[in-house]
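Comments concern the structure below.
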Amino acid sequence: MNAPTRTPPPSNGGHGSTGSTGSTGDAAPGGGTGRGPAATARGHAALAKTQVLIEALPWLSRFQGATIVVKYGGNAMTEPALREAFAADVVFLRHSGLRVVVVHGGGPQITAHLERLGVPSTFVGGLRVTTPQTMDVVRMVLLGQVNRDVVGLVNDHGPFAVGLSGEDANLFTARRRPAIVDGREVDVGLVGDIVEVRPETINALLGSGKVPVVASVARGVDGGVYNVNADTAAAELAVALGATKLVVLTDVEGLYADWPASDEVISELSITELEQLLPSLTAGMIPKMEACRRAVRGGVPQAHVLDGRVPHAVLLEIFTDDGIGTLIMAESGTSPEPGTPPAPAARPAGIVPAGEPTGGTP
């Protein structure tokens, strides 16, 4: 389809010239030609917008048909303006030819609902103690509230989102996980580690042009239902799908070089460099960086940790030359240039063993 074009102004022999009728061109209020400072400013603004589009072009070309898994959480999930921006980003990616999967938790929403029920929230070793009563609330909130909210937000911008959980079609299979406190195992209830991923359903949805939105609960090998970490779930799914990128939204700018002594953000680092830093990271960042490490070690070319407080953070990272946040790659200095061959296609459908356990729970 041809792009629409602007209708050119009528020719009058040039600025200030007169034709046989004595016309001096399009008059503006006050006798000017409409080419004053306001028009110039509009032209500069339009030019800036075209520069943004041109900068995005090689990245749009490179990632055409690529699969991207986004772990959605933090302020981007709770602040109305950021929620709208995220949903718009997802639909923009879909219209740009990318295959997008959203994985979410919902820790704050679960805690708030438990408080309303008078049920205290207890955490041991970063894991929510999940009794059968608590697990009922986790499922209800993640599937009945958070998942429906995310699906609705995305579908307000385009009818693509389909909600499901790790239980559906046995997408995730989990095994019970204890917490480790002072070197000892502590039972925390229905908390699990993902041990298998069946990506067939997600691949089918992606193949039909949909955007799967996945809640982080899993069916257990024992037939039970388990609360699983959303960062880890996103990483395992990215590996199983053969994704090009894993994107993790956080409430910080990225990985800091020497926190708290410095607020300098590391722009990119290799997986080896990340593994050297892991023991020194703060507790809140460890599960996110462990998820990135798992994804890259599992064959995902790139993992990103982004500040979800920045509107349209996902688009800024993927479609601009500088990006934002922290990029983790297989080897330092090997971030792909626009126009390089895309990552391998998704793995064939089937059961994909998951990696080692990481992260806390919602």
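A Cβ is built for glycine as well, from the same backbone N, Cα and C atoms used for every other residue.
Residues Gly106, Gly107, Arg128 are recorded by Swiss-Prot as substrate binders, and the candidate that the same record lists for that site, out of Asn227, Asn229, is Asn227.
Taken residue by residue with DSSP, Gly106 (substrate binding site) is part of neither helix nor strand, so it is coil. Taking the Cα atom of each, Arg128 (substrate binding site) and Lys288 (site 'Transition state stabilizer') are about 17 angstrom apart. In this entry, Gly106, Gly107, Arg128, Asn227 make up the residues listed for substrate, with the farthest two CA atoms of the set 12 Å from each other. Here the recorded positions are Lys71, Arg128, Lys288, and the one ringed by the most other CB atoms within 10 angstroms is Lys71.
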